[in-house]
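Taken straight from TrEMBL:
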type	residues	note
DOMAIN	4-220	domain 'Orotidine 5'-phosphate decarboxylase'
BINDING	ASP10, LYS32, 59-68, THR115, ARG175, GLN184, 204-205	substrate binding site
ACT_SITE	LYS61	active site, proton donor
Amino acid sequence: MTRPVFVALDTPDLAKARALAERVRHHVGGLKLGLEFFCANGRAGVQEMAQVGLPIFLDLKLHDIPNTVAKAVQALAPLNPAILTIHAAGGRAMMEDAKAAAPSGTKVVAVTMLTSLDEQDLRAGGIAGSAHDQVVRLAALAREAGLDGIVCSGAEVAAAKSAWPDGLFVVPGVRLPSGATGDQKRVVTPRKALDDGASILVVGRPITGAADPDQAARDIGATL
Ligand SMILES: O=C(O)c1cc(=O)[nH]c(=O)n1[C@@H]1O[C@H](COP(=O)(O)O)[C@@H](O)[C@H]1O
């Protein structure tokens, strides 16, 4: 992957997403379209964004019973995204069926523990262990299910990669030291995430919320 940064175009506004993508396209490696964009624009919106000419990361974080997720993945197959997310918490059978339903060119990756959560949130959900243990456990499950990789924070990527050297490691929640963290709780710098083994860095607001998104993407790229 030439440029590891995928820009998260978290907006329901197709014209705005397209304009942002055109502005930063020479400084990022791909476009991430998530729930906000997809709920507003659907498959046609994804197809329009694909015209920008960069790989599409479709981040829908699918999480349901195996049959429902497999059918949803089948419905998305014509889009042939480069990357598609599902939730590891959906379990091994759900992940196996999602991978089986995906086009051969689509990397299916499992979200382990959202970067917006900390260990207090884990405990509130009935999980006593550390974030590290939770990510490593779910990464092992995703690997056993035949997925291509996981999504985790930069705080756990080194541990996850050492157990799965050829996995694809997607790291969101990255910030330059001066950047606002917003709702993200497990945050590292882009440089640290890459040094620790990230394959792809997902960057949203630090680029899309900047006065000059093009310059912001270049500034992040310059730290890598
Ligand atoms: O799957 C994701 O991409 C994802 C997983 C995760 O644990 N945390 C996380 O922030 N994301 C996504 O990464 C992006 C982060 O956006 P910013 O916080 O604005 O950089 C958003 O589009 C989130 O949906």
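Just so you know, glycine gets a Cβ as well, placed from its N, Cα and C.
A Cβ distance below 6 Å to any atom of ligand 1 is met, among the binding-site residues LEU60, HIS63, PRO66, GLY204, by GLY204. Looking at GLY204 (substrate binding site) and the residue listed as 'active site, proton donor', their Cα atoms lie 16 Å from each other. Rounded to the nearest whole angstrom, the C-alpha distance between ASP10 (substrate binding site) and LYS61 (active site, proton donor) is 14.
Within 10 Å of the Cβ of LEU60 (substrate binding site) there are 20 other Cβ atoms, across all protein chains. The separation of the residue listed as 'active site, proton donor' from THR115 (substrate binding site), Cα to Cα, is 13 Å.
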